[in-house]
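What TrEMBL lists as domain 'Pyrroline-5-carboxylate reductase catalytic N-terminal' is 40-127. The transmembrane segment annotation in TrEMBL covers 224-242, 262-290, 315-336, 369-389, 401-422, 442-464. According to TrEMBL, the domain 'Ferric oxidoreductase' annotation covers 271-415.
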Amino acid sequence: MSHQPVVATKMSGEMDKPLISRHLLDSDGSLAEVPSEAPKVGILGSGDFARSLAARLVSSGFSVVVGSRNPKRTAGLFPSAAQVTFQADAVESPDVIFVAMFREHYSSLCGLSDQLAGKILVDVSNPTEQEHLRHHESNAEYLASLFPTCTVVKAFNVISAWTLQSGPRDGNRQVPMCSDQPEAKRTVSEVVRAMGFMPVDMGSLASAREVEAMPLRLLPGWKVPALLALGLFTFFYVYNFIRDVLQPYVRDGKSKFYKLPVSVVNTTLPCVAYVLLSLVYLPGVLAAALQLRRGTKYRRFPDWLDHWLQHRKQLGLLSFLCAALHALYSFCLPLGRVNRYEVVNLAIKQVLANKSHLWIEEEVWRMEIYLSLGVLALGTLSLLAVTSLPSIANSLNWREFSFVQSTLGFVALVLSTLHTLTYGWTRAFEDSHYKFYLPPTFTLTLLVPCVVILAKALFLLPCFSRRLSRIRRGWEKDGAAKFMLPMDHALAQKTSHV
């Protein structure tokens, strides 16, 4: 069975078609040769990643030769268009060879030193977290020390086997790579682009340890926002517990501990969501105030503000999560046994009091408006969460993305504020709602959002908005715009502009 290969240089624009045809994946177990005109690459290894890599390379128009210690047994696992042979034979003709094996097996290749001389070795391995801490050198550097006559390039370690199979559209397109030889990086970059990915130059091979640490990180940008959300949840949960459960028990002897699983949680979640949403837009207000005070945008923000600005997306998504959970808990409240008992008790009291109805017009309107504002706020917040996804954000131009995230985001904050005010109504002015002399919970949540809304309104005044617009267009208060970059390149990378 033979297949006409696709030229690698033409594949970068054809990623919309299926990655691998069915007949390409079904191997007949033969060691058939592939037409020699296709660019040839080698693979040392026969694991899951090696098989996915071979399939991707074949579909990208490359002639793939796989080196295995037992080619007869592993040939059926690879596409029939790939040649599976012994390791010594696999490294003869290709100039680029992917080393798809674990670090402890590198030494088994030392017998191939003469055949590998002058070749480009692409190290795709990843250490475990314990191995990364135990070894002071990266896997790529260790491989380079074993084969000093070869050029080692670190690449593809952040790409999973699933991404190779399904295509870069469903995974991360970026492929960080590093090497001491620019020409070798250029050659591997061409292979990366032909496979539909985007190469990212990380510098010399000394950066390989950093590149290998990337897959070991568990949501690095979420640590601080998650801890902040957890801290807010703990604070408001304890606060609501004291007011709604502990105070009735201490003062009147009423046991309301049944509120802990649902009611107190449902009261806490909107507080966390509301405060987190306000914290998304508070750093922008602080940055604008700082730029107005300095009269320039070319001075970097303090580290704490810069990091805060970089975590706004995570804060917004956590706010949406808490708001969505609040909506679900609210829908579940009428289903609880407690709510049924309260309805029956209320009916009995109404009958005993000989009252025909308990209709209070003000309360009815308040609840209707309160619920409507909450639905609108959650819907707007959902739109923010959806547009923050890379697949959606990439389809929007900058003006559209800025309108959704900035303008509609501020609308969501205003709707949430109105939702909270309608819920509170006049409770902040009634002594009966100050339990243990503690103010109602909603009054605490209003502090930060009201500051953000008032500051935003203040910046809309012409005296501030015009000056801020000029500063962000490059004007400086001394009359001379100085387009100077920081001396330290790393310092320049940390600079944020709002």
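Keep in mind that glycine also has a Cβ here, set from the backbone N, Cα and C atoms.
Here the transmembrane segment (315-336) touches the transmembrane segment (224-242). Their Cβ atoms form 3 or more pairs under 8 Å, with each pair 6 or more residues apart. Comparing 224-242, 262-290, 369-389, 401-422 for CB pairs under 8 angstroms to the transmembrane segment (442-464), the maximum falls on 262-290. Helix, strand and coil residue tallies for the domain 'Pyrroline-5-carboxylate reductase catalytic N-terminal' (40-127), in that order: 37 helix, 23 strand, 28 coil [DSSP]. On the 0 to 100 pLDDT scale, the model's mean across the domain 'Ferric oxidoreductase' (271-415) is 90.
Each residue in the domain 'Ferric oxidoreductase' (271-415) gets a DSSP state, and the totals come to 121 helix, 0 strand, 24 coil.
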